[in-house]
Structure formats: C-alpha cells, structure tokens
Amino acid sequence: MYADLVPEACLLGGAVACLLGGSFLPRTRQWVARVVAVAALLGSLVSAVVTAVVAGAAGPTTFDGSYALDGGTTAARVLAAAITLVVVALGTAELAGDRRESETYCLLLLAALGVVVLAGASDLLVLVVGFLLASIPVYGLVGLGRTRPGTEAAVRTYLLGALAGILLMLGVTLLTALAGGSTYRELAERLPGAPLAAVGVGVLLVLVGLLFEAGAVPLHPWVPDAVQGTRTAVAAFLTTVPKVGALLALSRLVETVPAAVPVRPVVGGLAAASLVLGTFAAFGQHDLRRLLGWSTVSQVGFLLVPVAAAGRSPLAVGSLVLYLAGYAVTTLALFAVLAALPQQRTLTDVRGSARAHPWLTAVVLLGLLGTAGTPPTAVFLGKLTTFTAAWEAGLAWLVVVAVAATVASLFYLLRWGAAVLPWSAPSGPGAAAEPADPEPADPEPADPGPAGRWAASTAVLCAAGVLVLGVGGDVVLSGTAALVR
Amino acid sequence: MLELVVLGPVVAAALLAVVPVTDRAARWVWLAVTLADLALLAALALAYRTPPAGGLAFERQATWIPSAGVGYHVGVDGLSLPLLLLTGVVFAACAVHALREQRRPRAQAALFLFLQTACLGVFVAQDLVLFFVFFDLTIVGMWFSIAGWGHGDHRRSALQFFLYTFLGSLVLLAGFIGVYVAADPHTFDIPTLVAADPLGDHPVGGAVVLGLVLLGLAIKTPLVPVHTWLPPAHTDAPAIGSAVLAAVMLKLGTYGFVRVAMPVLPDAWRAWAWVVVALGVVSVLYGGLVALAQTDVKRLVAYTSVTHMGYVAVGLGAAGLIDRGDPVLRQVATTGAVTQMVSHGLLAGAMFLLAGALHDRRGSYALADYGGLARPAPRFAALFGVAAFGSLGLPGFSGFVAEFQVLSGSIGTTAWAAAAVPGILLTAVLLVRATGSLLTGPTRGRAVGFTDLRPHEAVPVAGLLALSVLVGVLPGPLLAWVTPATESLVALVGG
C-alpha cells in the first residue's frame with residue numbers, strides 16, 4: 001500500500017530536504033538545493049513509470065478506495081514531475097543566487113505534489129487536501145519575487161484561492177452528507193438516490209473550486225496578473241502544472257456524478273466561456289507575459305472540452321492527457337524563450353528579433369503556431385482527438401465554438417509571430433505608425449549569456465518536443481488508454 | 001519512391017535553413033531540387049499503370065496513431081497524378097523565375113521547398129488527417145511568403161489570408177471529424193471510408209457534415225461568396241507566391257471535392273449537387289463581372305481565377321445530378337473539371353509570373369499606368385498575349401479542352417448550366433480589353449523604357465504556356481489518366 005506512493009514520497013522528501021537544507025546552506029552554495037530538487041523530481045518521474053509498468057499487481061485504487069492508481073494518476077505523476085524539471089531548467093538564470101532559491105524549489109515541489117494528489121484523489125477529502133497543497137505554495141511562489149506587481153498578484157491569487165477553497169469545501173461537505181461517505185465509489189452508488197437539486201449544487205461548488213486551480217472562467221482573474229507580475233519560471237509553472245491536476249480531477253468528478261445531474265453541459269458552457277473570454281481578452285494585450293496569460297485562459301477552454309466528454313467517449317481521458325502534454329510543452333517553449341531574453345517584455349521589444357536570435361525566434365514561431373494547433377504539432381493532435389471525443393459525446397456545438405475560438409486566437413498569436421520576423425524592423429516601412437521608441441531593441445548581443453543558455457537550450461528542446469509529440473502522440477494516447485480504469 | 005518525391009523538397013529546405021550557403025548557391029540548389037523532383041515525378045508518371053477502379057498506384061500504408069484511427073496512407077490515382085505533375089512544373093517554374101531574387105533568397109528557397117512538400121503531400125494523402133496536415137501547412141507556408149516577400153499592404157493581406165483560409169481548414173477538420181464519428185469502426189482512412197459509405201443512411205447528418213466539408217473547401221477554391229480573401233492576397237503577394245497560390249493552392253480545394261467530398265459522402269453530394277452547380281454558375285458570372293471592373297492587372301487575373309474555378313464546381317456539381325442525363329455526360333463534365341484544374345494551373349501560373357514582371361520593373365499593377373508595351377517589350381507582349389488568349393479558352397489551348405467538356409457535359413445534364421456560358425464571353429471581353437490597353441497603342445506612362453523580359457523570367461512562362469498548348473493539342477495522355485478515375489468517381493456518386 002505504502003509502496004504505491006513512492007512517486008509522491010519522492011516529491012515530499014525533496015521538498016523537506018530543500019527547506020531544511022536551504023536554511024543551512026550559505027548563499028553561494030544554494031545550487032545544492034537545486035541538485036536535490038532535480039534528484040527528487042527525477043526520482044518521482046522514474047518511480048512513476050516503474051510503478052505504472054508493474055501496476056498489474058496493485059488494484060485500481062489504494063488506501064480503501066481513496067486514491068486512484070490508474071492511467072490518469074500515472075499521467076499526472078509523469079507530467080507534473082517532467083514539467084517541473086523543465087521549469088527548474090528554464091529558470092536557472094533567474095533563480096540561481098536568488099535569496100530565496102531553496103525556498104522556491106521547496107514550494108515548487110510541494111505544489112507539484114499537491115497537483116499529483118489532486119489528480120489521483122478518488123475521495124472528496126483527499127481532493128480537499130490536494131487542492132490546499134496545490135494552491136497554498138502557489139501564493140508563496142507568486143509573491144516570492146518581492147516586486148510590486150508580484151505582491152499585488154499574490155494577494156489577488158490568495159483571495160481568489162481562498163474563495164475557491166471555501167466553495168470547494170462547502171461542496172464537499174454537502175456531497176459527503178448526501179452520500180453518507182466521501183469516496184467516489186460511495187458517491188457513484190448513493191448519490192443517484194439523493195435529492196437532485198442538492199447534488200447539483202454540491203457538484204457545482206466542487207467544480208467551481210477546481211476551476212480556480214485550472215485557471216478557468218469564472219475564477220481566472222488571477223492568471224494574467226500572476227503571469228505578468230511574477231518571475232518567468234514561476235509563471236511557466238503556474239500556467240502548466242496546476243492544470244494537470246485540476247483537469248484530471250474534474251474529469252474524475254464528471255464521470256462519478258449521477259447521470260441525472262446535467263454536469264456535462266455545464267462544463268461545456270464553462271469551456272465555451274473560457275474560450276471566448278480568454279481569446280478576446282488576449283487581443284488587446286501588449287505585454288507578452290500578459291498575452292500568454294490570457295492565452296492560457298483560452299487554452300483551459302480547450303482542455304475542458306474532453307472533460308465535458310468524460311465517460312461518453314473512449315478517447316476522452318487519452319485526449320485530455322495528450323492535450324495537457326502538448327499544451328505544456330508548447331507553453332514551456334514560449335516561456336523558455338521569454339526566460340532566455342528577459343529584456344523582451346512587450347510586442348514592441350520583439351520587433352525584428354529574428355535577426356539577433358534566429359533560433360529562439362524559430363522556437364517562438366513554432367510555439368505560436370503550435371498553440372494555434374497547426375499540424376504537425378502536439379496541440380494539433382490534441383485538438384483533433386479532443387474535438388473527436390466531444391463530437392462522439394454529442395457535444396458538436398462545443399466543437400463549433402472551439403473551432404471559432406481557434407481561428408480568433410490566430411489573430412493575437414500572429415500579431416506576435418509577425419512582429420518577430422526579420423523584416424519587421426522598427427525602422428522598416430510602417431515605423432511611422434509606431435510610437436517613437438527612444439531605445440531601439442536591437443542590435444543586441446546574439447549570445448544570451450552563460451546563464452541564459454540554460455533557458456535557450458530548454459526552449460530548443462521543448463520545440464523539438466512539440467514536434468515529436470505531434471508526430472508520435474500515439475504513445476500517450478495508447479499508453480493512457482492501456483492504463484485507464 | 002512517393003516518399004522521396006514528397007519529402008525530398010522539405011529535407012532540402014531544412015538543409016538550406018541550417019547550412020549558411022551563399023545566396024547564389026541557395027538559388028541554384030533550389031532549382032536543382034525542383035528539377036530533380038520533377039524528373040522523379042515524370043518517372044512516376046511513366047511507371048504509372050491505371051489501377052483497377054477504386055485502387056491506387058504506388059500505394060503505401062503504415063500505422064501512425066491507431067488509437068485515434070489515423071494512419072499513414074499514400075497513393076496515386078488518375079485524379080492526383082496530373083495535379084502532382086502540375087505542382088512539380090509550377091514550383092520548378094518559380095525556382096527559375098527567382099534566379100535573380102535579391103531579397104533573402106536562401107530563406108525564400110527553403111520556404112518554397114517546404115511549400116512544395118506540403119502541396120505534393122495533399123495530393124498523395126489517402127488519410128483525412130494526413131490530408132489535413134499537409135493542407136494546413138500550405139497555409140502556413142503561404143503566410144510566410146506573403147508576409148515576408150509581399151509588397152503594398154502585405155502584412156494585413158497575409159493576416160487576412162491566414163485567418164480566412166485557416167477558418168476554412170478548421171471547418172473542413174470539423175467535417176472530417178463528423179465523418180470519423182459516423183464511420184463504424186471509426187477511421188480516417190479515405191479508401192476504407194469510401195467502401196463503408198458512413199453517412200449513407202443518415203440524410204440529415206450527411207448533409208450537415210458535407211455542408212462543413214463544402215464550406216471548408218469552397219473557401220479554399222474559392223467560390224463566391226467566400227472568395228474575398230483572394231484578390232488582396234494575390235495583389236500583395238510576390239510574383240512566385242501568387243503563381244503558386246493560383247496554380248496549385250486553389251486546386252487543393254477542388255481536389256478535396258473529388259478526393260473526399262464526392263466519394264466519401266455520395267448521397268449527401270447528390271443532395272447538395274444543385275447548390276454546388278449554383279455556386280459554380282454564380283462564381284463564373286460574378287467573377288467575370290467583377291473582373292470587368294478591375295483596374296489592376298493582378299486583381300483582374302485573380303477574379304478570372306474565380307471564374308475558372310467556378311467551371312470546376314459546375315462540372316463536379318453536375319456529376320451529382322443523377323436523375324438527369326446519362327452517366328456518360330456526367331463523366332464528361334467531371335473529366336472536364338479535372339482537366340480545368342490542370343489547365344488553370346498552367347495558365348494562371350503564367351499570368352501571375354507575367355504580372356509580377358510589371359511590379360518588379362515599375363512598382364505598379366495599374367492598367368492605366370501602362371500602354372503600348374509591345375514596342376519596348378516584345379517578348380513580354382507575345383507571352384502575355386498568348387497567356388490571355390489561352391485563358392479565355394481559345395481552341396488549341398488546354399482551357400478549351402477543359403471548358404468544352406465541362407459545359408457540354410453539364411448542359412447535357414441540366415440546361416441550367418447553360419447560365420455559365422456567358423462567363424466565356426465575359427472572360428473574352430475583359431482579357432482582350434486588358435491585353436489591348438496594356439500592349440497596343442502608343443507607348444506611354446510607365447511603359448516608356450520598360451525593359452523586356454530576361455531569360456529567367458521568359459523561360460518559365462514559355463514553359464507553362466507550351467504545356468498548356470500541349471494539353472490543348474494532344475489531350476490524349478492526360479485524359480487517359482483522368483477518364484478511368486472519373487468513371488469510377490461518377491459510378492460512386494451514383495451511376
């Protein structure tokens with residue numbers, strides 16, 4: 001039983017070691033904490049894979065049915081650890097030598113642990129624990145940069161998170177009371193007999209609480225502020241990892257709820273709201289980080305599409321995991337470029353940056369087209385399979401909304417994409433229309449510096465991952481399907 | 001063999017993008033690769049033996065994403081072979097035309113080689129997702145071409161082009177997903193879907209799915225009223241970008257009709273046949289009338305493209321009217337439509353390369369800026385005259401063979417198709433008028449001191465026109481490829 005949780009134990013152990021060790025390490029030797037964090041993440045990743053391969057012996061759940069050990073949990077373990085590893089790599093320049101370096105690693109590991117618990121929870125009380133463990137470190141991470149916008153974003157994140165937590169716990173209380181138990185098995189057995197309206201309210205409250213973690217409408221307002229205000233590595237973390245846990249938890253919940261509760265149309269409606277609001281809000285953004293922040297809000301909309309189809313299509317969970325992986329690697333590629341070129345903050349700064357940084361610009365273009373879902377990138381495969389799952393589940397209208405949102409998203413993605421091309425120089429034709437720029441962004445040194453090289457290499461690796469996953473995504477689909485409940 | 005033909009250019013493109021060769025070397029490498037690819041295509045055409053009805057030559061199948069019903073499946077038949085050859089010819093012509101390109105030639109060579117792979121890939125794909133992957137990549141490639149090498153308000157045009165055609169491709173994808181969901185077992189494999197006829201028993205579902213597919217393909221073709229992206233894209237694109245856009249990329253839409261829409265959804269196609277015919281007739285007439293009012297050479301040629309692609313829709317729509325006329329007439333109309341795709345590719349490619357010469361020299365496409373070009377530029381005048389007369393469907397050119405078959409076949413099927421006949425008259429009037437105002441009369445305006453075409457500009461145009469004449473005079477070999485394929489297509493739609 002305890003051996004089932006080695007991946008989680010690795011994360012916890014790493015977090016504790018970073019926290020304690022960090023207190024005793026001198027400022028110049030904080031890199032030891034980084035090594036510990038990387039070792040813990042690698043340990044978690046490897047043990048997750050090993051556990052999945054030998055999972056034949058273990059049951060579908062453990063600890064009296066309160067924690068699932070299936071394809072979804074395995075996917076969350078692998079994704080959370082792998083994404084956090086990438087985040088640590090792309091944040092090397094930013095975090096190395098920082099006063100709070102080891103604390104940052106500790107919080108990253110704890111948040112990743114929370115996300116895994118969230119994804120694996122098949123008991124409402126475990127779900128609450130996962131939610132708190134996944135969200136509280138995030139408040140700290142957002143605020144640790146100790147800048148004015150960062151602090152503001154931390155307060156906003158905290159307030160919304162606290163609200164979401166209260167709603168979630170209220171929903172959990174209600175559902176537990178109605179079912180006379182808190183495991184999903186008990187819920188599935190006993191909720192159909194409970195009053196429909198009360199069950200509906202309970203489910204809606206839990207749903208809304210989890211939407212905070214996913215960064216979806218209506219609990220999205222923290223996302224753009226936090227992404228813009230905090231450090232790039234942290235922004236990369238909190239737009240990717242929490243979504244893994246929240247969406248897998250949501251899909252478990254949708255499958256558990258009795259058929260009489262119209263949860264799928266509600267999730268579909270929320271998906272549509274995220275798609276529309278995220279896309280249109282991204283239109284007017286000038287700051288790259290804020291633009292990406294709103295873009296992730298619209299991406300959650302796409303991620304909610306297979307959640308709405310959960311249980312109605314054999315592709316639903318596999319496509320959700322595939323989209324999560326594709327979305328994560330694409331988003332990380334873009335954040336890695338931002339981390340490698342920290343002086344580029346707005347659309348004006350990046351004009352013509354292809355001349356100074358051809359490789360990083362290629363990554364940006366691939367990342368932007370990949371976010372839109374141009375084949376053969378990972379998100380294309382994700383969109384293909386999620387749309388298929390939604391259509392199979394009878395949600396063809398949601399496919400239409402998602403298609404429209406994809407087209408609209410091109411508008412802001414291509415604004416960035418066109419700006420980086422080598423011929424869109426500040427001095428080129430059309431410069432008259434631009435506000436006078438006292439300090440042209442280029443020429444800059446082509447070399448991003450020794451520390452920025454980590455971020456640049458990460459960016460190139462992620463870009464390769466975008467293509468590899470786009471062509472070889474079958475591994476994810478069939479792997480998840482083979483391990484799924 | 002097929003993989004080498006399709007993927008060869010993109011491998012060369014990747015090498016060109018990475019290895020920092022000189023501009024001169026890049027241009028010649030580009031030309032060499034396109035010529036080698038054309039030679040391979042010619043070898044392919046010589047080795048091609050008509051497969052049995054519904055079969056494919058050079059077929060290859062492999063598993064790719066079995067859990068989502070997606071496979072790697074390529075093959076060639078009588079519908080795709082002519083278009084593959086056309087693609088090879090047009091890209092080789094563009095490579096020759098760009099031998100004096102001064103603006104970032106290495107990047108342009110890489111881009112066009114990439115685009116060539118994407119276009120060839122669409123024509124060999126036998127799986128809906130594979131088809132879509134290549135279909136979408138052509139849009140990305142063309143966006144780069146317009147945004148990077150265009151002129152005028154090209155960034156806006158490029159964005160408009162991307163948004164409009166990407167919308168089309170996503171609507172198409174939605175239609176493909178509909179087909180996939182309806183098929184049992186779920187699959188994206190085109191021959192399997194053709195055999196299964198997934199939506200045969202669901203008239204409403206079939207109509208909706210075909211509606212999505214039709215809209216997606218009509219945007220690409222383009223048919224009125226979803227043609228509005230075409231004129232600005234053409235006007236602001238570079239000469240070779242325009243040539244590829246008109247000659248190859250517009251064919252992707254109509255090729256989608258014959259490859260996907262008609263065989264996979266035959267019942268729905270019959271239900272929609274009148275709409276397709278009507279859209280075709282409207283495109284022919286509206287395109288012609290609007291072209292009449294144009295004062296800009298490129299916009300004029302762009303609108304004649306709408307007219308010419310309208311004939312394709314008329315012919316293919318007539319193939320679905322099974323309660324009228326006999327199958328032979330419908331087969332003639334379909335063969336004419338496929339021939340028209342090839343013919344328009346050759347002639348429109350030539351026209352846009354010629355129009356590019358105007359802008360390269362004088363920075364203007366306005367008809368009013370030029371007059372009496374025949375005196376300073378006899379080569380330009382001769383080629384432009386030939387191309388214009390070819391486009392208006394004079395006997396001896398490929399356009400005549402194509403339009404004659406389309407009209408005789410479809411008018412035999414329904415008299416309503418005769419409404420498209422005035423389109424020929426309109427095209428004739430406007431092309432003769434434009435040719436007259438550009439070439440004849442006293443030399444004036446920007447035509448004074450106009451340098452005649454240099455060999456690298458004249459050779460590709462002459463080559464395209466020579467092929468058009470070849471098809472016009474000796475249509476036999478082309479029809480020998482196309483006819484068996486259209487026979488089985490018409491039989492599928494409802495013999």
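Glycine residues also receive a Cβ, built from the backbone N, Cα and C atoms like all the rest.
Curation does not apply to TrEMBL; its annotations are automatic.
Feature annotation from TrEMBL assigns compositional bias 'Acidic residues' to A:436-445.
Sequence annotations record features per position, and here TrEMBL assigns domain 'NADH:quinone oxidoreductase/Mrp antiporter transmembrane' to A:121-407.
The feature region 'Disordered' is assigned by TrEMBL to A:429-452.
The annotation transmembrane segment is assigned in TrEMBL to A:6-25 (among others).
Residues or ranges marked as transmembrane segment by TrEMBL: A:32-55 (among others).
The transmembrane segment feature in TrEMBL is assigned to A:75-93 (among others).
Within the chain carrying the transmembrane segment (A:105-138), a Cβ under 8 angstroms from the stretch's Cβ atoms is held by residues 7-8, 11-12, 14-16, 18-19, 22, 33-34, 36-37, 40-41, 61, 65-69, 72-73, 75-77, 80-81, 83-84, 87-88, 95, 144, 157, 161, 164-165, 168-169, 172, 175-176, 182-185, 187, 206, 209-210, 212-213, 237-238, 241-242, 244-246, 248-249, 252, all 6 or more beyond its ends. Annotation comment: TrEMBL describes A:105-138 (among others) as transmembrane segment.
Long-range Cβ contacts of the transmembrane segment (A:158-179) within its own chain (Cβ-Cβ under 8 Å, at least 6 residues beyond either end) map to 124-125, 127-128, 131-132, 135-136, 138-139, 186-187, 189-191, 194-195, 198-199, 201-213, 219, 221-222. According to TrEMBL, the feature transmembrane segment maps to A:158-179 (among others).
Sequence-remote contacts of a segment are chain residues at least 6 beyond its ends whose Cβ falls under 8 Å from one of its Cβ atoms, and for the transmembrane segment (A:191-212) they are 124, 127, 131, 135, 160-161, 163-165, 167-172, 174-175, 178-179, 218-220, 222, 246, 249-250, 253, 257-263, 266-267, 270. Annotation comment: TrEMBL describes A:191-212 (among others) as transmembrane segment.
If you look up TrEMBL, you'll see A:232-254 (among others) marked as transmembrane segment. With a threshold of 8 Å between CB atoms, the same-chain residues lying at least 6 positions outside the transmembrane segment (A:232-254) that come near it are 68, 72-73, 75-76, 79-80, 83-84, 86-88, 90-91, 94-95, 104, 108, 111-112, 114-119, 121-122, 127, 130, 134-135, 138, 141-142, 144-145, 184, 203, 206-207, 210-211, 213-215, 223, 226, 263-264, 267, 289, 292-293, 296, 300, 303-304, 306-308, 310-311, 316-317, 320-321, 324, 327-328, 331-332, 335-336, 338-339, 342.
Marked as transmembrane segment by TrEMBL: A:291-308 (among others).
Positions annotated as transmembrane segment by TrEMBL: A:320-339 (among others).
Residues or ranges marked as transmembrane segment by TrEMBL: A:359-382 (among others). Long-range contacts of the transmembrane segment (A:359-382) within the same chain, counting only residues at least 6 positions beyond its ends with a Cβ under 8 Å from a Cβ of the stretch, are 295, 299, 302, 319, 322-327, 329-331, 333-334, 336-337, 340-341, 350, 353, 406, 409-410, 413-414, 416-417, 420-422, 448, 456, 459-460, 462-463, 465-467, 469-471, 473.
A Cβ distance under 8 Å defines the sequence-distant neighbours of the transmembrane segment (A:394-414), meaning residues of its chain 6+ beyond its ends; these are 264, 268, 271-272, 275-276, 279-280, 282-283, 285, 291, 295, 298, 301-302, 305, 308-309, 312, 368-369, 371-373, 383, 386-387. The annotation transmembrane segment is assigned in TrEMBL to A:394-414 (among others).
Residues or ranges marked as transmembrane segment in TrEMBL: A:454-484 (among others). Remote same-chain partners of the transmembrane segment (A:454-484), defined as residues 6 or more beyond its termini with a Cβ less than 8 Å from a stretch Cβ, comprise 52, 55, 70-72, 74-75, 86, 89-93, 314-315, 317-319, 321-322, 325-326, 329-330, 332-333, 336-337, 339-340, 359-360, 362-363, 366-367, 370, 375-382, 385, 448.
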